[in-house]
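Worksheet for the structure shown next.
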Amino acid sequence: MVRVFLLYNLFNSFLLCLVPKKLRVFFPPSWYIDDKNPPPPDESETESPVDLKRVFQMFDKNGDGRITKEELNDSLENLGIFMPDKDLIQMIQKMDANGDGCVDINEFESLYGSIVEEKEEGDMRDAFNVFDQDGDGFITVEELNSVMTSLGLKQGKTLECCKEMIMQVDEDGDGRVNYKEFLQMMKSGDFSNRS
């Protein structure tokens, strides 16, 4: 569960920085997660190079180490976000520090660093609300299972698996993840005992 939340948070932060406010939605990067090459279990930083690279690769479709306007457009369209060409150009320019018309991994990492510094409580609440489907302030086993299943993730396909994921972050032992637990998990750097 922690790994899914971390990748989700990285991807979501990137989209929040780029997509105009009226079009902002929250999408998990589940369809890009490579189960064959998982990151080492002892990673403890939310913005680890492995996770940042995975998010970058979501947009770098041809794997050349650069995100072009076309690749950004394709990725956003796959998420149901359709942007005018002029907005796509502005998005690339916002990230393109060296002026080559593309975004490389270093520019992406710099952008993410600034996003992390400016993270707002509202963004975290919106991310939490994706999983808290009934709006009662808790992520239950059933809600987690519903989200994980709808995303087509291998992790969390069974209620038992989701229960185990909940237990990993449930600090008060009530069998659910409340917003405080979610926020602490996302903002703390101590994921080594939960991964």
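Count begins at 1; order follows the chain as displayed.
Glycine is treated like the rest: Cβ placed from N, Cα and C.
Features of the protein shown, as given by Swiss-Prot:
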BINDING   D96, N98, D100, C102, E107  Ca(2+) 2 binding site
BINDING   D132, D134, D136, E143  Ca(2+) 3 binding site
BINDING   D170, D172, D174, R176, E181  Ca(2+) 4 binding site
DOMAIN    47-82  domain 'EF-hand 1'
DOMAIN    83-118  domain 'EF-hand 2'
DOMAIN    119-154  domain 'EF-hand 3'
DOMAIN    157-192  domain 'EF-hand 4'
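Locations of recorded Swiss-Prot features on the structure.
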| residue | record | CB count, 10 Å |
| --- | --- | --- |
| D96 | Ca(2+) 2 binding site | 19 |
| N98 | Ca(2+) 2 binding site | 10 |
| C102 | Ca(2+) 2 binding site | 19 |
| E107 | Ca(2+) 2 binding site | 20 |
| D132 | Ca(2+) 3 binding site | 22 |
| D134 | Ca(2+) 3 binding site | 9 |
| D136 | Ca(2+) 3 binding site | 11 |
| D174 | Ca(2+) 4 binding site | 12 |
| R176 | Ca(2+) 4 binding site | 18 |
| E181 | Ca(2+) 4 binding site | 19 |
### Query
Tally of helix, strand and coil residues over the domain 'EF-hand 2' (83-118) according to DSSP?
24 helix, 2 strand, 10 coil
### Message
Name them in sequence order: residues not among D170, D172, D174, R176, E181 whose Cβ is within 8 Å of the mean position of the Cβ atoms defining the Ca(2+) 4 site.
### Response
F138, I166, V169, E171, G173, G175, V177, N178
## Note on the structure
Cβ-Cβ distance under 8 Å, sequence separation of 6 or more, same chain as D170 (Ca(2+) 4 binding site); the residues meeting this, in order, are R176, V177, E181
### Query
Within 8 Å of the Cβ centre of D96, N98, D100, C102, E107, which other residues of the chain have their Cβ, at the recorded Ca(2+) 2 site?
R66, I92, M95, A97, G99, G101, V103, D104
### Query
Which of these binding-site residues is closest to D136 (Ca(2+) 3 binding site) if you go by CA atoms: D96, N98, E107, D172?
D172
### Message
Of the binding-site residues D134, E143, D172, which one has its Cα closest to the Cα of C102 (Ca(2+) 2 binding site)?
### Response
E143
### Query
In which DSSP state, out of helix, strand and coil, do we find E181 (Ca(2+) 4 binding site)?
helix
#### Entry: Residues within 8 Å of the D132, D134, D136, E143 Cβ centre (excluding the Ca(2+) 3 site residues themselves)
F131, Q133, G135, G137, F138, I139, T140
### Task
Please work out the helix, strand and coil residue numbers for the domain 'EF-hand 3' (119-154) from the DSSP assignment.
21 helix, 2 strand, 13 coil
